[in-house]
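**Student:** Quick paste from Swiss-Prot:
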DNA_BIND  43-114  DNA-binding region
BINDING   CYS46, CYS49, CYS63, CYS66  Zn(2+) 1 binding site
BINDING   CYS82, CYS88, CYS98, CYS101  Zn(2+) 2 binding site
BINDING   GLY381, ALA382, THR383, LEU384, TYR476, LYS480  phospholipid derivative binding site
DOMAIN    260-499  domain 'NR LBD'
REGION    186-207  region 'Disordered'
REGION    488-499  region 'AF-2'
MOTIF     128-147  motif 'FTZ-F1 box'
ZN_FING   46-66  zinc finger
ZN_FING   82-106  zinc finger
Amino acid sequence: MLPKVETEALGLARSNGEQGQMPENMQVSQFKMVNYSYDEDLEELCPVCGDKVSGYHYGLLTCESCKGFFKRTVQNNKRYTCIENQNCQIDKTQRKRCPYCRFQKCLSVGMKLEAVRADRMRGGRNKFGPMYKRDRALKQQKKALIRANGLKLEAMTQVIQAMPTDLTISSAIQNIHSASKGLPLNHTALPPTDYDRSPFVTSPISMTMPPHGSLQGYQTYGHFPSRAIKSEYPDPYTSSPESIMGYSYMDGYQTSSPASIPHLILELQKCEPDEPQVQAKIMAYLQQEQANRSKHEKLNTFGLMCKMADQTLFSIVEWARSSIFFRELKVDDQMKLLQNCWSELLILDHIYRQVVHVKEGSILLVTGQQVDYSVIASQAGATLNNLMSHAQELVAKLRSLQFDLREFVCLKFLVLFSLDVKNLENFQLVEGVQEQVNAALLDYTMCNYPQQTDKFGQLLLRLPEIRAISMQAEEYLYCKHLNGDVPCNNLLIEMLHAKRA
């Protein structure tokens, strides 16, 4: 039985976070202030019919009407038919005209069948409780800020200048503190971020995915007669990459055309989060968190890093929950997979960021800021220095392999859909994803890196190394937690406790 706190934590892709501070020499976003009405864009609308939401029902924010409709349909085991073409428009004025299309839309936007009680008693199967509380708190915080200030900050588009590189962690902490006082921040322009997007809303990609049983619709890579699988999708990664905020997950090595990229890999790539937006969310969270702290409550270096890791973990959970194939799994299977690999995904994310970071002797933070490796090493103990050393060795190996974005995406899915996880209800899907991604990765490496005849095998050999580093990192973090050095009430700690339950 999973501990309650952990079960709820994984029902969530939280964008609300906890605090820290950022390097000093950051290019400041220029903001313009405009009149802002609270109702303008904070008022939530039901994703099914567009009516005003009444609260969280069966997995996401919906209106009272769609909540009742969904509950009655599931509890009464109703079966509907559509007299048209099963694509009826569902909105507030005609949501009752076609119950079949309405129910299908409920499912497509993310309402959870398993959250409805079969015994007709009041109260759902609430695996998402703390998510609701956190999300409500975030919305209330936004409302309070807007009402207090009466303005809306809009990041103005501007030419992005190169980030300074001589940054230290201490200056990072000072920078957030300055932001809370209204002092200039050397921070690049942040794109508007969608903090209130529900993690349960179905993405356009996942709605077009085939049934998961056979993974039909994707190229089967049992044989490789042509080594060139054409795709109708444009490939945004073949153009020359440009860093938006100090870094982006660009493709630093290969320049292959979409014709030489397996269709499955292109689909996996589409699931990747927008890195500048992730950076903006984490930065905004750290700034807000620091602004809420008194002078004597500022985070130390380690606390800051924990906050960054916690927010990165939330973005990883959100990525997983919105990804193809993973969405097809029931919540229990999703939780088991994420429980198993969360630290590996964190390490892999950090490793790839360093691979594409070109400056030697510095570490690229998830916020896009660079910190001298020597600065971190001087403040870290023997255990953390050992972990950092192993991570840098792995970075060097992957750089020598010319590790690129598409291979990174494949490894993320191989880590997520691990065959080591026991008692999965839909093990067949997990096994199928493993086989298909492995085959696509093999095809891709052979086609695009023919001079590296064993690149596929070398990439797979890095996975045990990532796991070893992640296990050491977990042990280190847990010991620090027991000593009271890790900020409490965050997803990192919830996951650590869950894994030891």
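Just so it is clear, glycine is given a Cβ too, placed from its N, Cα and C backbone atoms.
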**Student:** Does anything in the same chain, at least 6 positions from CYS101 (Zn(2+) 2 binding site), have a Cβ under 8 Å from its Cβ, and if so what?
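**Tutor:** Non-local contacts for CYS101 (Zn(2+) 2 binding site): CYS82, GLN86, ASN87, CYS88, ILE90.
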**Student:** Taking the centroid of the Cβ atoms of GLY381, ALA382, THR383, LEU384, TYR476, LYS480 (phospholipid derivative site), which other same-chain residues have Cβ within 8 Å of it?
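**Tutor:** Once GLY381, ALA382, THR383, LEU384, TYR476, LYS480 are set aside, the remaining close residues are ALA380, ASN385, ASN386, LEU387, CYS479.
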**Student:** Just give me the nearest neighbour of LEU384 (phospholipid derivative binding site) among the binding-site residues CYS46, CYS49, CYS63, CYS66, CYS98, Cα to Cα.
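**Tutor:** Nearest listed residue in space: CYS46.
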**Student:** Please give me the CB contact count at 10 A for CYS46 (Zn(2+) 1 binding site), counting all chains in the structure.
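**Tutor:** Summing over all protein chains shown, CYS46 (Zn(2+) 1 binding site) has 24 other Cβ atoms within 10 Å.
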**Student:** Of all the binding-site residues given, CYS63, CYS66, LEU384, which has the fewest Cβ neighbours within 10 Å once its own Cβ is left out?
**Tutor:** LEU384
**Student:** Among all protein chains shown, how many Cβ atoms are found within 10 Å of the Cβ of ALA382 (phospholipid derivative binding site), not counting that one?
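**Tutor:** Its Cβ shell of radius 10 Å holds 7 other Cβ atoms.
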**Student:** Looking only at CYS98, TYR476, which of these binding-site residues has the biggest number of Cβ atoms within 10 Å around its Cβ?
**Tutor:** CYS98
**Student:** Run through the Cβ atoms and count how many others sit within 10 Å of the one on GLY381 (phospholipid derivative binding site).
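**Tutor:** Taking all protein chains shown, GLY381 (phospholipid derivative binding site) has 10 Cβ neighbours within 10 Å.
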